[in-house]
């Protein structure tokens, strides 16, 4: 099928797994480790922020709904913007040049997130939101760049596992966030002891508690800073250098060092390939719409639908944590103790469900294929969401809570051993090199739009229909049961949209994008067929 294929790209496709593959996984993966730490550590300290700055009266303070939405959501908005901007910039300036920018933004604003102008609640929250928006902006750039760099470095036999391994570092980042919070809160609890809120009221929040949340947020700068040097040492990917920058000589020289083999330059062939009309259409052209329009619709819609369900998990966390006694009533703890209990609970969830799901994908993605794993994951999530929803009153009984926890864990195990991983992998494999980072950024940004809907839309929707039973400051909603039914339908829609996404298992990037195909064909569909143009 291939008409032209540069020797340097063929060498990458057939290369045996070597040290440089694992080096690239660690370098790109540490970015995702930091991303997850920074995005999810805020949930560990929001209760503490409420106690420090919003305690009035005889109940432990909590963030007002609008403040809580801003603190938790502003980083997601920044991430969405960063994914679009840096995805586009990665195709314009090169993956490596932009890669260092995103990391430096993350380092600077991780540190700034723990600082504030003054000690008044409004100033503290405004500073925090400003810094977390720009932190999210840097995090957003890491999505398309890490995925694209790893896909362009990998061989075609184990490419899926390598890209999935980069994404799987998120699980360790979430785990690290919980462990850092446990260590810091334990240290402060031992040094600055205080009775619980029920005994001494607002005095249960010692002044030193203000340092706890700041240290936890600022710690995110450490792994990002440690990775910067190694990112700058990575050579630009051969596919960008040869197919976008049109410098086959540099691409051959870079990959000769990496692969430790002699590679022919083929400058003429590279110029011929990139000059052909079929390899020069833009993102907003009819040619792109014809060849990849449905693929982009598939990657954006599935990531959007997946993240609605994935980020809605806060609907049942409070029920689960209280059901097993991991988090006692707030009044029975002091402020720092509450941070410890929340961190311990989230660490256990990460250990039992989040991390294993990611690594199951790494183990099986190149055996089973992306399409089957994504379809399976969406269908299992649909089943478990409906299994939680229809007998919801049954699960609320105390004797049935263990079953509820198991169903919850399985739902998010199959999110990670399923579409949460594959939606990250596939957009880095199926689009042309000159548009690969841009299209991945668009797909990822659609996911973050879904995350905003899931995290905040369903937070309001899940409120009780009875006004007297809603959380403080929230209007009545449709209830948890109806919200779970909606989420089950969303997961099923994700399964249907998966049929728009082609299977890329075992194929070269150029074969998937059509960059080395005859004009009469386009990339294979999800069932492996070649579709005529």
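Each residue's number is its place along the chain shown, starting with 1.
Glycine is treated like the rest: Cβ placed from N, Cα and C.
Those TrEMBL annotations? Automatic predictions, nothing curated.
For reference, TrEMBL has these:
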type     : residues : note
COMPBIAS : 523-533  : compositional bias 'Polar residues'
DOMAIN   : 24-506   : domain 'Major facilitator superfamily (MFS) profile'
REGION   : 508-533  : region 'Disordered'
TRANSMEM : 20-46    : transmembrane segment
TRANSMEM : 66-86    : transmembrane segment
TRANSMEM : 98-117   : transmembrane segment
TRANSMEM : 123-140  : transmembrane segment
TRANSMEM : 161-188  : transmembrane segment
TRANSMEM : 211-230  : transmembrane segment
TRANSMEM : 348-365  : transmembrane segment
TRANSMEM : 371-390  : transmembrane segment
TRANSMEM : 402-421  : transmembrane segment
TRANSMEM : 441-462  : transmembrane segment
TRANSMEM : 483-502  : transmembrane segment
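The highest tally of CB pairs under 8 A with the transmembrane segment (123-140), across 20-46, 66-86, 348-365, 371-390, 441-462, is held by 66-86. Long-range Cβ contacts of the transmembrane segment (483-502) within its own chain (Cβ-Cβ under 8 Å, at least 6 residues beyond either end) map to 294-295, 297-299, 301-302, 305-306, 308-309, 312, 315, 370-371, 374-375, 378-379, 381-382, 385-386, 388-390, 392, 419, 426, 430, 458, 461-462, 477, 512, 523-526. Between the transmembrane segment (20-46) and the transmembrane segment (211-230), three or more CB pairs separated by 6 or more residues in sequence fall under 8 Å, so the two stretches touch. Among residues of the same chain six or more beyond the transmembrane segment (348-365), those with a C-beta under 8 A of the stretch's C-beta atoms are 160-161, 164-165, 167-168, 170-172, 174-175, 178, 317, 326, 373, 409-410, 412-418, 420-422, 425, 505.
A Cβ distance under 8 Å defines the sequence-distant neighbours of the transmembrane segment (161-188), meaning residues of its chain 6+ beyond its ends; these are 21, 24-25, 28-30, 32-37, 40-41, 44-45, 146-147, 150-151, 153-154, 208-209, 211-212, 215-216, 219, 223, 336-337, 339-340, 342-344, 346-347, 350-351, 354-355, 357-359, 361-363, 365-366, 416, 421-422, 424-425, 428-429. Listed as Cβ neighbours of the transmembrane segment (66-86) (distance under 8 Å, sequence separation of 6 or more from its ends, same chain) are residues 38-39, 42-43, 46, 49-50, 54, 98, 101-102, 125, 128-129, 132-145, 437, 441-442, 444-445, 448-449, 451-452, 455-456, 459, 473.
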